[in-house]
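Here's what TrEMBL has on this protein:
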BINDING   29-36, 148-151, Val177, 185-188  ATP binding site
ACT_SITE  His36  active site, proton donor
BINDING   Gln60, Gln154  (R)-pantoate binding site
BINDING   Gln60  beta-alanine binding site
Amino acid sequence: MSDVPTVVRTPAELAAVRGEGTVALVPTMGALHDGHVQLMKHARPLAQTVVVSIFVNPTQFAPGEDFEAYPRTLDADLERCDEAGVDVVLLPEVATMYPDGPDSGVVVEPGPLGRVLEGEQRPTHFRGVLTVVAKLFGIVRPDVAVFGEKDFQQLVLIRRMVRELSMGVDVVGCPIVREADGLAMSSRNVYLGADDRARASVLHRALTAGVDAAPRGAEHVLAAARAVLDAEGVVPDYLTLTGPDLDEAVPGQEARLLIAARIGTPRLLDNIGLVLGPTTHEGA
Ligand code: PAF
């Protein structure tokens, strides 16, 4: 397709430019940063047409969360899409995505996995995410969809939705893109004041301490990560070690260390993959 992305706003406009070839979708809420650019670049060779959707989805924000304040940077976003070789940018209105209003209509329930970790703090969040992703899949009909690993629980739930609802979309996860000090890139990092921005790398330092301890087993991973947090006086909402599908971590296998903590105003999420050593029962 052409070099400059075509901007469309409705399912009919999207259908008119979609073509019959393979399509890769990168769903976003805008405020695009280098992490999003990596998703777009990852998508580029996967399909003939790359579509980026930009939609700040009201149903994944609870009352009192930052839906109104969420950064909206459309002009800069379109430039980033252009630079990354995106073909089509889908900019739907709320009324297009939720014709009967955000609180009415069919929803996708995530099940028990949507109620733990992030879901414990934000019980309606993943219903909103899965519902809007299902709607975007219906509009774009992608062959492949690309998501960042930073929102790891979201990625696992989207994979499950696609599998359990036989949606026929290949879901690809991309590694987290980090700032020089290790902070995971996020549109919400703009909420960090200067002092908190300097402290925020503690999450990544805790995770890498956990990775270093991985050969000694799960208890050591958690203890090492927690020691780094304690030294900075950070009390996480959760720090947990799971299997690669948020199932139980198994000694000797791949695992995921996940953390969420409030640093100043924003609540930051991060995670890292590791391979656990065999369980040892020596003292920590
Ligand atoms: O990860 C995000 O930006 C959003 O949760 C998503 C997947 C675009 C759904 O609104």
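Residue 1 is the first one shown; counting continues down the chain.
The backbone N, Cα and C atoms fix where each Cβ goes, and this holds for glycine too.
Remember, predicted model here, so these are calculated numbers, not experimental data.
For the recorded site, His36 (active site, proton donor), the DSSP three-state label reads helix. Filtering Met29, Gly35, Val177 by Cβ distance to ligand 1 (under 6 A) retains the following binding-site residues: Met29. In the three-state DSSP scheme, Ser187 (ATP binding site) falls into the helix class. Of all Cβ atoms in the protein chains displayed, 25 besides its own lie within 10 Å of the Cβ of Leu32 (ATP binding site).
Of His36, Gln60, Gln154, all annotated as recorded positions, the residue with the shortest Cα distance to Val177 (ATP binding site) is His36. Under the three-state DSSP scheme, Gln60 ((R)-pantoate binding site) falls in the helix class. Rounded to a whole value, the Cα-Cα separation of Gly35 (ATP binding site) and Gln154 ((R)-pantoate binding site) is 16 Å.
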